[in-house]
Amino acid sequence: MEWKQTVQTVTFYYNVKRDCRSLCYELHRLNNSRLNFKLIFENNTVTIELRLRADIKWPPTCTRNFETMQVEFMFTKQERMPWMHYGHQVVKRVGTSIIRAYEEYEIVANEPLSNLVHLLVVRARNFLQILPIGRHVTVQLTDTGTYKSRSYTPVPPCLHPDDMAPNYTTNCLCFMIKKYPNGAFSPVITGLQTGQSLLISNAQGSFIIEIFDRYPVIHMLAAGTGLTVMLGIIQRALVRRNVSVFLPFSK
């Protein structure tokens, strides 16, 4: 991991190469001066434990460059002073197999967007993950003693900074979920209240957004909450260079 700093902040980032497609980031806070980064590539996984020289505040501010897909993690220092060095890091490389693992998330917002569609914002305590665009996660919860699970694709917290999802912080994930009144799962998850919790897995799937960069025009067609996968694609397109939009509407 590379680093840079100001008097108030310290930022860590991984220099992404052009062939690093759909890189997934996972970050665990072990304590206020120890962090564990996991970088999941197509062919291998790298874990980096950072042992910092001083304490930082959680969560970081995360900035993603949609041209290179590089992410910067900026932490506020507990004490405002320059660091002569950041500390040290321990790097490990492991195989390509990705084991499904779950983290506990707390509901911090559950807002109806329509009669049947809810926006859920969920937050992990000492963990955050930045999923590749188009990847999904498995959501698991307990209903009357029985474990149930479904797959959902997280959506961006906003498409414009002035319209941020409620209570969002960088250790949150956002979901648009359609409620099926007679369904086995959606009535339960859309009925969760603030403060209740559920389990969410690491990134799943094999969608690679970068393979579409070769095409000058992309057509997207979705119905209902099938739009969720496309919102990440739209967000990336809006902040990239040389983007033109054609919106046909039927009356």
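Backbone N, Cα and C atoms are what each Cβ position is placed from, and that goes for glycine too.
Heads up, TrEMBL stuff is auto-annotated, nobody curated it.
Positions annotated as domain 'FAD-binding FR-type' by TrEMBL: 100-210.
The FAD binding site annotation in TrEMBL covers R150, Y152, K178, S186, T228. Around the Cβ of T228 (FAD binding site), 21 further Cβ atoms fall within 10 Å across all displayed protein chains.
Positions annotated as transmembrane segment by TrEMBL: 215-234.
In the three-state DSSP reading, Y152 (FAD binding site) counts as strand. With a 10 A radius on its CB, K178 (FAD binding site) counts 16 other CB atoms from all the protein chains.
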